[in-house]
Amino acid sequence: MNMKILVLVAVLCLVVSTHAERHSKTDMEDSPMIQERKCLPPGKPCYGATQKIPCCGVCSHNNCT
């Protein structure tokens, strides 16, 4: 009886860990922290803090530097 319970617990642990690993890989692909950060290269026009994509450097005189 005890052996059946141990086998059942082991199988459940294996199923749960496989399921969690599969979902963690999906989360990594969708995570914005993992994705490459986009920024404007030097010479591109910029508009300060209100623009959606920031400069890679600094916005000076409406141009990224």
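Quick reminder: no glycine exception, Cβ is built from N, Cα and C everywhere.
Listed in Swiss-Prot as the disulfide partner of CYS46, from the options CYS13, CYS59, is CYS59.
Swiss-Prot lists a disulfide bond between CYS64 and one candidate from CYS55, CYS56; that candidate is CYS55.
When Swiss-Prot is consulted, the disulfide partner of CYS39, picked from CYS13, CYS56, turns out to be CYS56. Proximity to CYS46 (disulfide bond), defined by a C-alpha to C-alpha distance within 10 angstroms, is shown by the following disulfide-bonded residues from CYS39, CYS55, CYS56, CYS64: CYS55, CYS64. Taking the C-alpha positions, the distance from CYS39 (disulfide bond) to CYS59 (disulfide bond) comes to 11 Å.
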